[in-house]
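Here TrEMBL flags 5-22, 28-46, 53-72, 84-105, 117-135, 141-158, 170-187, 199-220, 251-269, 275-293 as transmembrane segment. Under the heading Mg(2+) binding site, TrEMBL lists N109.
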Amino acid sequence: MPTPVTGGIAIFLAVTVLFFWTGARSPAAYSFLAASALLIVLGVLDDLYDLRWYWRILGQTLAALLIIYWGGVRVEYIGPVFGMSPTALGWLSVPFSIFATLGVINAMNMIDGADGLCGLLGLAALAMLTAAAIYSGNTLLAERLSVLVGALAGFLLWNIRLPWRPRAKVFLGNSGSAMLGLVIAWISFRLTQTPAHPVIPVLALWMLPVPVIDCLVLIVRRLQEGRSPFSAGRDHIHHIMQDAGFGPTRAALHLTWFSLLCGLVAAVLKRMQVPPPLLLLGFVALTVAWYLLSRRRERAVAFFRRLRRAPAAHPAPLAVPDVE
């Protein structure tokens with residue numbers, strides 16, 4: 001029996017209940033629910049009929065426009081990235097917000113290639129965003145995020161492999177990964193663009209390093225090879241890890257630990273008053289490092305094979321089966 005791809009619908013229902021339960025009645029909330037519903041419908045159609053990439057991009061753009069124009073949630077400044085005062089985007093705010101929203105949505109969609117991977121990385125990002133909301137004093141957003149984290153954790157119990165269950169019972173599907181990407185983008189905009197509870201924008205990148213870096217590197221590489229960036233392939237980081245002997249679950253757990261570590265290091269560096277331009281430079285350096293390492297697949301496989309054999313590379317808390 002085929003595995004149902006209803007994860008996105010489950011997340012959408014959880015978010016809808018959360019918004020109405022907590023009394024969210026603002027244009028930002030309504031626009032977000034409308035954009036989410038649009039992505040759910042688009043994702044279900046994509047799962048059923050394998051839509052062309054331009055239909056997906058069109059739908060995602062419409063969803064982004066809903067939260068921008070109806071909800072008023074957008075990226076209006078990008079912080080002191082260039083060593084100057086916070087840089088206002090002005091008329092570039094709308095296209096930049098659309099680009100950022102589509103970037104996160106497609107990064108989550110592209111990384112959704114192993115049981116539990118997209119969900120775990122999304123859970124890590126939401127947990128770090130919750131911590132950022134608490135630290136910045138935005139307790140209301142933190143409370144709503146904590147409920148969402150719990151809902152996603154409940155879904156993951158059916159999406160990851162467990163000792164008594166060698167296969168996932170339900171997949172996120174295109175609707176789920178798109179919905180998760182929209183949630184992360186929307187929350188990131190709210191946190192980084194709210195004057196009362198500021199979080200510098202560059203920290204958002206460090207909360208989602210694996211999907212963003214994997215997506216950027218693959219887009220560049222596929223364009224260099226004359227391929228569509230949206231074409232399927234086994235050139236993602238988790239595929240390379242599986243070739244090195246990591247099972248799907250162990251690869252997902254290691255990438256999640258790495259994502260959490262990146263977010264923690266970035267937060268500590270920010271606390272130590274490291275300038276935002278250096279944080280951005282560090283993220284760019286990490287992206288370039290992965291691009292260079294993965295240029296030759298056998299070299300990247302050898303790197304992960306050495307990592308797998310290292311004693312510290314076996315921290316998995318669950319005796320989960322790694323059946324392919």
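Glycine residues also receive a Cβ, built from the backbone N, Cα and C atoms like all the rest.
Nobody curates TrEMBL annotations by hand; they come from automatic prediction.
These figures come from a predicted structure and were not determined experimentally.
Between the transmembrane segment (117-135) and the transmembrane segment (28-46), the number of CB pairs under 8 angstroms, six or more residues apart, is fewer than three, so the stretches are not in contact.
Simply put, out of 5-22, 28-46, 53-72, 170-187, 275-293, 275-293 has the most Cβ pairs sitting under 8 Å from the transmembrane segment (199-220). Within its own chain, the transmembrane segment (251-269) has Cβ neighbours under 8 Å at 114-117, 120-121, 123-125, 127-128, 131-132, 160, 202-203, 206-210, 237-238, 241-242, 278-279, 282, 286, 313, 315-316, counting only residues six or more beyond its boundaries.
The Cβ of the residue listed as 'Mg(2+) binding site' lies under 8 Å from the Cβ of N174, S177, A178, G181, each of which sits 6+ residues away along the same chain. By number of Cβ pairs under 8 Å, the transmembrane segment (170-187) is matched best by 5-22 from the list 5-22, 53-72, 84-105, 275-293. Same-chain residues lying 6 or more positions outside the transmembrane segment (53-72) and placing a CB less than 8 Å from one of its CB atoms are 26-32, 34-36, 38-39, 42, 46, 94, 97-98, 101-102, 105-106, 174, 178, 182, 186, 189, 228, 230.
Counting residues 6+ beyond its ends, the transmembrane segment (84-105) has Cβ neighbours under 8 Å at 39, 57, 60-61, 63-65, 67-68, 74-78, 177-178, 181-182, 184-186, 188-189, 208, 211-212, 215 in the same chain. In the three-state DSSP reading, N109 (Mg(2+) binding site) counts as helix.
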